[in-house]
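According to TrEMBL, the domain 'HTH deoR-type' annotation covers 3-67. Positions annotated as domain 'CBS' by TrEMBL: 80-138, 145-207.
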Ligand code: ADP
């Protein structure tokens, strides 16, 4: 994160004199406490400073890479997921291929009548079925999909870094984001390698606080 001149000055004051109250910092800069509040909030949120009630601000001493890793370890699936594309378990492989093209996704989630996840279909699952001699309009997807309980999933509160580790470990492209219901896991989102790549770019552009 790029700090502005005033934020750099505040950091210097706290480094040398902390713990120090917001009031005392404001006095030294000839500013009001209210003017200073946004800068103090940014410095605290970014992890440079910590605030203790009735004590004041102190310097955390964290390096740039520690702050970056703290930041990464707070990013949740919730803010970076995509809309899931689902097909019913009774649709044919042919229809699933059409859905994959129309919806422009690489992974389809297969659900039952209650929107509960029963399986996953990847591009290669559909390609594999297509090189056989069978009639694609008559094979239902539930014959060729990867089925529960072998589906790897995540919840919206999970950390993006844990999703990234699962994608690598299982050598897959996407995870369904699910919500527990009394009937099973309902699909509520989709998180893919593209979402993770976007997080990386957003981090580099300092768009994630
Ligand atoms: P591709 O087949 O295009 O390489 P993947 O690497 O995502 O795409 O899929 C590889 C295999 O893993 C496929 O057989 C697919 O059904 C399965 N798979 C994909 N996503 C998951 C998942 N979230 N959980 C379990 N298996 C999955």
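Here the Cβ of each residue, glycine as well, is placed from N, Cα and C on the backbone.
Under DSSP, residues within the domain 'HTH deoR-type' (3-67) fall into helix, strand and coil as 37 helix, 9 strand, 19 coil. With DSSP states grouped into helix (H, G, I), strand (E, B) and coil, the domain 'CBS' (145-207) comes out at 23 helix, 21 strand, 19 coil. Broken down by DSSP into helix, strand and coil, the domain 'CBS' (80-138) contains 19 helix, 17 strand, 23 coil.
Restricting the average to the domain 'HTH deoR-type' (3-67) gives a pLDDT of 91.
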